[in-house]
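Everything below concerns the one structure shown next.
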Amino acid sequence: MGITGLVSWVKKVHPEAIVHFPNRWASPHFTGKKVAIDATLMTNRYHFASRDGPFKGKGELIGWYNLISEMRAFGVQPIAIWDERGTREWKAPEALKRLTTRANHLARKNHENDRLVRLESLREVFKEFEAMPSEEKDIIRAHWETTRFMFMRPEETTTSEWDVEESDATSPSSKKTTPSKSTFTQTSETEAEPKTQTPTPLPTPPPTPPLPLGVAGPSKAAQLTSTLSEADSEVIDRVVGMIDSLAPLIHEYRESQRGGSGAKKDEEACLTFGMEGGIVEMEEEIREWISTKKTTTPTTTAVTAQGSDSGTQEADKDREEKLEELDSALERLLPLTRISETPRQMALSREEGRIISDILSTPPSPPFKSTREEAPSTLHEADPMQRLDVLIKYDLPNVKSIYERALDIPSAAEHEDCKALLKVMGVPVLEAKIPYEAEGLAAALAKAGLVDYVATEDSDVLAYDGPLLKNISPITSTLSLISGQSLREKLDLTPSAYLDFLILLGTDASPRIPSIGPVNALRLIKTHGSIEDILANEPKILKKLEDASPPTSKEKFLELVGNARKVFLELPPTEHFHLKGSVELEQGEWNEAEVERYLEERHGIKLVEGDGREREAEYA
């Protein structure tokens, strides 16, 4: 969100343009100053930061209470600005990026859901495997070491053989037409008859280790054939049944690695203009979906039980249905097979493959007793079943929760609750009307001298030439101030060239050109003066734009550039705030007892003493 890579570049190239305040609001610099806060963004940040544990569902309220308490304690005057609910057409590029991100999170969450089902099935099958007699386990392990189970049962055939699809494996020496049983007997390579039609081999994915050193495929196959020929039918049934249970799960594991495996981050699947249909509008509607939240105390619950409680359930149901509809549309546009695993997911896949191989590989012959006491972690690594339990209970849920949290969209009701709390705390609450947004109105107020700073993490404020105040949350971080006007002067650019420089980097209203970072963008602007002249005189830059993912024509890009210029140059009106008698920006009274009663009775949040400086919020 904001101007891509700008703040990081400023920190590196022009660190003097950033003023740091480690004492935060306690710095005399802020005493008596008015700070306009991008409340939409801040509420979302609090929502995403506190969705688990005891503060689940209350993170926004607790975050706001602690922030405003800290500011007021040092004489700072906060003003909260929300975006008016509705669609802003100029933000279509940002909406597509947001939907692309959601589609990727959704696919990765589903990927972990599939993995969980598979791992739980593997655990049950492996428990049965461990309970088998050692001789039968040896037969299955020999088959694994010979074939790696690189086969699939034909879907529509009267034969029921396993097709071994590996160069070291051999084809079955006999065929049966009984569909209820799999043929397990194998011959050595020298005895195998050539097949007239050989399926294309499926490569073993990287997580599955190669055959152990010293294991010779043909001898193992011959040993397997000899062992089975001497076994009774019950043993054969148990062995073949176990392989029938394991093979599809291992095949599913391999297939799960084929989708987007190895794809680079830059090549990640994304939505493009024209393919999204109505999902942008659908997502905006969901974001604005207001549902009356249930209260937490017995008294208020009794009052609302017959009325709004049923309405709440109905509204929540409607919202969930719309979320499902949105996610179904995203799954159709960006299926799982087009999306790569993240590094954390790849680590899970590698561990899954190692566990499968460790359980099915022949254990080393004794004695292998260590002369020293092993560390617990080493012992843990040596127990694949225990590692499988850890993978199911801890590792996988931790990774999956990342995507579940990212998919958890804060409701409009939660935003309304925060507005109500701030009003009780005496904080002015404003709304940026469409087509404007909160940081635009905040920047306009700053340029009009009505507020001193704009507090947000959205660096678009610098394109408005406004004073950007970052890191207002968490309360342990150092405040950082960057002045858009001062930065422009340090770069020695005219206002129009400065704006085009920032637009080149990519904003909420316009995409960036691939491989054009701050260094190249500044050089190009200083050479040509405008984006139009850059595209007219730099064919390589135009080619980058056309080869981008998604590709963008020159005409479309310039249209988006025009939208961005309009957004940053046409600020929302602020004249009415200057009118005599206007109290919209005035701080209201803060009645601590009333605030405390409101939080506890309405939201079940009790105020407790903090570190001696102010009170903090926690659950009652």
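The backbone N, Cα and C atoms fix where each Cβ goes, and this holds for glycine too.
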Listed range which TrEMBL flags as region 'Disordered', given the options 94-115, 358-379: 358-379
The domain 'XPG N-terminal' (1-105) - residue tally per DSSP class, helix then strand then coil: 63 helix, 16 strand, 26 coil
For the domain 'XPG-I' (423-493), the number of residues DSSP places in helix, strand and coil: 26 helix, 16 strand, 29 coil
